[in-house]
Amino acid sequence: MPLLFAQGLRKSFGETRAVDGVDFFVESEELVSLVGSNGAGKTTLVNLLSGLLVPDAGSIAFQDTDITAVPVRDRIRAGIARSFQLVNLFDQLSALDNVRLAIFSRDGTTRQVLRLAERNRPAREEALEVLRDFGLEDKWDTPAAGLAQGERKLLDVALAYALRPKLILLDEPTSGVGTREKGTIMDAVAQLVRERFLAAVIVEHDMDVVFAYSHRIVMMHQGKVLAEGTPEQIRADERVAAALLGKA
Amino acid sequence: MSGVQHSPDAAMPLDTARGAHGVQPALWYTAALALLALLLPFLEGVPVIGWLASPFQRIQLTYGLVFSIAALAFNLLLGYTGLLSFGHAAFFGGAAYAAGLLVKYLHVYSMEGFLLAGLTSATVLAAVFGSVCVRYTRIFFSILTLALSQVLWALALKFFWITNGTDGLSIPTPILLGGLVGTAGDKVRFLSFTYYYYVLFIFFICVAVMGVIAASPFGKALQAIRDNEVRAQFVGIGVRRYRWYAFVISGAFTGVAGALFAPLNGLTTPDILHWTFSGKIVFMTVLGGFKSFIGPILGGVAYNYLETYVIKTTEYWQMLLGIILVALVLVMPQGIVGVFAWGSRRERRNR
Ligand SMILES: Nc1ncnc2c1ncn2[C@@H]1O[C@H](COP(=O)(O)OP(=O)(O)OP(=O)(O)O)[C@@H](O)[C@H]1O
Ligand SMILES: [Mg+2]
């Protein structure tokens, strides 16, 4: 069985069938790109996999365990982390504290009530290291609200990364960031997949990025999977070309 | 430091993550104020500050410190967790009544007994209220806390044979530390000296403990929940459970304040259970500045002076409170602390 295995997923919002019978899997150490035009259902699929939404039908298994109805917190424990298309950060907390919270939570130390967070040196060092990985070390003391848009996007991904998941779901991690930062994010993710034997699902519009980094590409259209394959196969697929042209 | 706008612990001396720049002066001010408070009873007749040291003023300050503890505790919920409770009178008043009932039925006059009873009753009340209220946020949370605390107020009125209704329960001069420190016959002397120190030390303990809580990993988790509930969930924090913990801790410390208030006031009446008293706690906190740790301390003390001096000079006291609150929210949402921070920023810029 693959690391993550979803079958027959459906989710409707009123009349809109956002996800309409999708089968989806991710192998360990695999980097899968999820592509498709606006409104194709990519975010909704990520929401179903991460537990933000409950599917109307279908099932999701992670490491051979059914997690279809498992709450978010337990999915995080199991090793599924995500970032957000629309940045979700702790705005009044410093970049360091944002990352540190992920680390505290992962280690179960958020239960410490009578110990200064600052006293936990290893957590501080690790958080600074994560910030360094994302080129944010100079901004460690800046509240998240005070960061530039691109930096906020980086920090959003860094939070998911700091949880040391087995599977990381990144919803448009490079949208709205500069070309150089795009490389930073994608390199960090690709490195993670390689070094930490992690799997990643990346929702991405930039096809150059998609072709450069993915092991496999899944293309969605109107809630359904339209095409699936290696970058070479997808490049050659006429339906994909048509759908992409339709979008452009 | 410009961090004041963003981080609730920006003005907190305990957070060593802040640059030395912002921490050092704050630490010095805190140390100086603490020293002043410790020496105060011996400063009568000293020029400039001597008036503050009179027995009457020391009792006023004691009231202020008690309110500060309540406001600090309240702010663990408002400033740190992002929940606006309108029911904290229940924990303050509940604790004071616990002390009163201890006197009435068990003839216990020990202050530590009052504190234990107050702390326990407030904690239990907060645990029960919290389990209902933290299912909701924003206005729903506020209204639920208000409604539940009003139930307690109504009970205090209805069961008059227990609570003495509007007359309230009288609290005699308590025995401190099992009689170890002076239980002089003179009530003013007792309140302005012995009890002043007693409250001051408990105040220091409460500030230290709440300061550590605020800067602990747990405290950071609360701030994370305040800032972004969804993301807090997605880093694995049990949002509702942590809100409940915060509620109980906040209620417990408010109970300590209530227990200290009882002998100071000598009487517990239902008005400290009424929602308008919850409103006063909200007011103190906003007045001092709910976005910093120390704001509520200043707010509690300042509020007490406002009430003592302004209520005498105008019959439009309530209206004045309202006007001040509106002005605070509109013009200086950072409260008194914000004004100080603004002043020191200007100073630094001018250098
Ligand atoms: N919470 C919601 N309520 C109602 N409709 C929704 C909701 N979320 C998504 N939709 C609809 O579901 C469809 C799929 O949306 P989704 O956000 O999954 O697309 P997407 O592929 O992520 O698009 P984009 O590239 O623009 O991010 C769209 O038609 C959208 O309007
Ligand atoms: Mg999307």
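Heads up, the Cβ atoms here are built off N, Cα and C, so glycines get one too.
Just so you know, TrEMBL annotations are computer predictions that nobody has curated.
What TrEMBL records for B:26-49 (among others) is transmembrane segment.
What TrEMBL records for B:61-80 (among others) is transmembrane segment. Beyond the transmembrane segment (B:61-80), the same-chain residues lying 6 or more positions past its ends with a Cβ under 8 Å from any Cβ of the stretch are 8, 37, 40, 52, 88, 92, 191-192, 195-196, 199-200, 202-203, 206-207, 210, 213-214, 219, 222-223, 226, 246-247, 249-254, 256-258, 260-261, 264, 281-282, 284-285, 288, 290-293, 295-305.
Here TrEMBL flags B:113-132 (among others) as transmembrane segment. Within its own chain, the transmembrane segment (B:113-132) is flanked in space by residues 87, 90-92, 94-99, 101-102, 144-145, 148-149, 152, 171, 174, 202, 243-244, 247-248, 250-252, 254-256, 258-260, 262-263, which lie at least six positions past its ends and keep a Cβ under 8 Å from the stretch.
Proximity of distant same-chain residues to the transmembrane segment (B:138-161), defined by a Cβ-Cβ separation under 8 Å and at least 6 residues beyond the stretch ends, is recorded for 83-90, 93-94, 97, 125, 129, 132, 270, 273-275, 278. Residues annotated as transmembrane segment in TrEMBL: B:138-161 (among others).
According to TrEMBL, the transmembrane segment annotation covers B:195-218 (among others).
Away from its own ends, the transmembrane segment (B:244-269) comes close to residues 59, 62-63, 66-67, 69-70, 72-74, 76-77, 80-81, 83, 85, 88, 90-100, 111, 114-115, 117-123, 125-127, 129-131, 133-134, 166-174, 191, 195, 199, 202, 206, 210, 213, 218, 222, 281 of its chain (Cβ-Cβ under 8 Å, at least six residues beyond either end). Summarising the annotation, TrEMBL assigns transmembrane segment to B:244-269 (among others).
Beyond its flanks by at least six residues, the transmembrane segment (B:281-305) meets 4-5, 8-12, 14, 26, 30, 60-61, 63-72, 74-75, 78-79, 84, 86, 88-89, 92, 207, 210-211, 214, 254, 321, 324-325, 328-329, 333-338, 341 of its own chain at Cβ-Cβ distances under 8 Å. According to TrEMBL, the feature transmembrane segment maps to B:281-305 (among others).
Annotation comment: TrEMBL describes B:317-342 (among others) as transmembrane segment.
If one looks beyond the transmembrane segment (B:317-342) by at least 6 residues along the same chain, the residues whose Cβ comes under 8 Å of a Cβ in the stretch are 1, 4-5, 11, 283, 286-292, 294-295, 298-299, 302, 306-307, 310-311.
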